[in-house]
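Novice: One structure, as structure tokens, below. Some questions next.
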Amino acid sequence: MTEKKTIVALSGDGIGPEIMAQALRVLKVVAEKIEFDYEVVEKAFGGAGIDQFGHPLPEETLLACQNSDAILLAAIGAPKYDNAPVRAEQGLLALRKALGLYANIRPITVHPALAHLSPLKREVVVGSDFVVVRELTGGIYFGEHTLEETSARDVNDYSAEEIRRIIRKAFEIARKRKKKVTSVDKQNVLATSKLWRKIADEVATEYPDVTLEHQLVDSCAMLMITNPKKFDVIVTENLFGDILSDEASVLPGSLGVMPSASHSETGPSLYEPIHGSAPDIAGQNIANPVSMLLSVAMLLRESFDNEVGASMIEQACDTVMNEGILTRDLGGDASTSEFVDALIKHL
Ligand code: ATP
Ligand code: MG
């Protein structure tokens with residue numbers, strides 16, 4: 001028996017607590033089947049942190065995260081915190097920074113049963129299966145910003161090392177998938193992109209089993225909607241990644257079915273749905289739990305190398321959706337807990 005793993009659960013705000021409760025229910029059932037020994041430590045974060053401790057990232061929450069093996073986050077933010085001295089969302093930025101979460105991963109798949117919800121034609125989207133890897137701690141977000149009356153300036157700054165580690169991450173991911181990396185830049189204009197492309201070529205020599213292609217960000221944005229099936233792993237800098245990952249999230253037709261992971265070099269990773277706290281539907285037991293459940297699957301796979309547990313959850317989500325048990329956002333009438341009840345039957 002391996003040692004007990006510690007998972008910090010940050011339920012946060014809005015629909016956060018209800019989808020977290022369902023996720024932990026599913027994790028418990030799966031853990032028994034795969035003999036995964038773990039404990040959950042629940043901590044206040046976001047608006048819940050402001051309510052209890054006056055800060056979205058309370059000291060004890062940060063400490064627990066730093067000492068954990070993985071972190072599961074549901075959602076944070078609500079209108080009532082918009083005027084707080086430190087906003088709920090700033091807690092997440094502070095947590096990412098404190099943990100050094102430099103790689104943000106968003107898998108994009110289009111479920112055949114949901115393809116009619118996609119704004120794109122069925123034959124274009126069905127079969128899409130790619131991952132957007134976004135650099136999260138460098139680039140123009142963290143460069144100097146100068147705003148004057150008649151001019152303004154934002155500095156885009158990347159070191160070779162920052163580029164190398166994110167490109168390597170992309171190749172590692174591609175190696176376990178379809179073995180193709182698309183490195184996205186704007187090298188016809190930007191110096192940072194010229195360095196980006198050079199490093200990508202260098203890293204590619206370490207992975208002879210993986211194919212590297214370069215794509216300019218403008219044409220990548222176009223290809224993502226005209227031919228999304230061509231992609232396997234897309235890797236790009238912070239700003240381009242922000243834009244492309246939002247573009248990609250439109251393909252499946254719903255925010256409610258998309259997980260994400262953020263990784264650091266050696267510390268714990270953080271897993272969360274890509275949707276927000278959905279205050280408009282909070283507390284009604286109607287939120288779609290799939291993003292959250294798929295985030296648990298990513299956690300099992302990526303932090304604990306447990307492919308069996310991860311696929312178990314992913315396949316059960318698929319099966320239940322194929323049976324037509326869908327929450328309201330997907331055109332069905334199942335409640336959050338009814339969806340999960342049905343899913344647990346399939347585990
Ligand atoms: P953020 O908090 O990241 O700024 P946002 O406010 O733009 O996000 P969300 O909170 O994700 O957006 O909500 C956008 C819309 O999608 C809302 O109408 C919300 O009800 C709906 N929504 C988001 N997540 C879910 C979910 N899991 N199930 C059902 N509907 C959802
Ligand atoms: Mg929101």
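The count begins at 1 with the first shown residue.
A Cβ is built for glycine as well, from the same backbone N, Cα and C atoms used for every other residue.
Sharing the features that TrEMBL gives for it:
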| type | residues | note |
| --- | --- | --- |
| DOMAIN | 6-343 | domain 'Isopropylmalate dehydrogenase-like' |
| BINDING | Arg96, Arg106, Arg134, Asp218 | substrate binding site |
| SITE | Tyr141 | site 'Important for catalysis' |
| SITE | Lys186 | site 'Important for catalysis' |
| BINDING | Asp218, Asp242, Asp246 | Mg(2+) binding site |
| BINDING | Gly276, Ser277, Ala278, Pro279, Asp280, Ile281, Ala282, Gly283, Gln284, Asn285, Ile286, Ala287, Asn288 | NAD(+) binding site |
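Show me how these features fit into the shown structure, please.
Specialist: Across the residues of the domain 'Isopropylmalate dehydrogenase-like' (6-343), the predicted structure has a mean pLDDT of 96.
Secondary structure at Asp218 (substrate binding site), taken from DSSP and collapsed to helix, strand or coil, is helix. Contacts of Asp218 (substrate binding site) defined by a Cβ separation under 8 A and a same-chain sequence distance of 6+ are given as Lys186, in order along the sequence.
In sequence order, Asn238, Leu239 are the residues near Tyr141 (site 'Important for catalysis'), counting only same-chain partners six or more apart with C-beta under 8 A. In three-state terms derived from DSSP, Tyr141 (site 'Important for catalysis') belongs to a helical segment.
When Cβ atoms from all protein chains are considered, those within 10 Å of Lys186 (site 'Important for catalysis') total 19, not counting its own. Reduced to three states, the DSSP call for Lys186 (site 'Important for catalysis') is coil.
Asp246 (Mg(2+) binding site) falls within a helix when secondary structure is assigned with DSSP.
When secondary structure is read from DSSP and collapsed to three states, Asn288 (NAD(+) binding site) falls in the coil class. If you take the C-beta of Asn288 (NAD(+) binding site) and look for same-chain residues 6 or more apart in sequence within under 8 angstroms, you find Ser254, Gly256, Val257, Thr327, Arg328, Asp329, Leu330, Thr336, Phe339.
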Novice: If you compare CA-to-CA distances from Gln284 (NAD(+) binding site) to each of the binding-site residues Arg106, Arg134, Asp242, which comes out shortest?
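Specialist: Its closest listed neighbour, by Cα, is Arg106.
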Novice: Can you tell which of Arg134, Asp246, Gly276, Asp280, Gln284 has the least company, meaning the fewest other C-beta atoms within 10 angstroms of its C-beta, among these binding-site residues?
Specialist: Asp280
Novice: Taking the Cβ of Ala278 (NAD(+) binding site) as the centre, count every other Cβ atom within 10 Å, in any protein chain shown.
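Specialist: So the Cβ neighbour count for Ala278 (NAD(+) binding site) comes to 23.
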Novice: Which binding-site residues (Arg96, Gly276, Asp280, Ile286) fall within 10 Å of Asp246 (Mg(2+) binding site) by Cα distance?
Specialist: none
Novice: Using a Cβ cut-off under 8 Å and a sequence separation of 6 or more, which residues in the same chain sit near Arg106 (substrate binding site)?
Specialist: Val131, Val132, Arg134, Ser245, Ala248, Ser249, Met258, Pro259, Ser260, Ile274
Novice: When you measure from each Cβ to the nearest atom of ligand 1, which of the binding-site residues Asp246, Gly276, Asp280, Asn288 fall under 6 angstroms?
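Specialist: The ones that qualify, in sequence order, are Gly276, Asp280, Asn288.
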Novice: Run through Arg96, Gly276, Ala278, Asp280, Ala282, Ile286 for me and report the binding-site residues whose CA is within 10 Å of the CA of Asp242 (Mg(2+) binding site), in sequence order.
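Specialist: Cα filter at 10 Å returns nothing.
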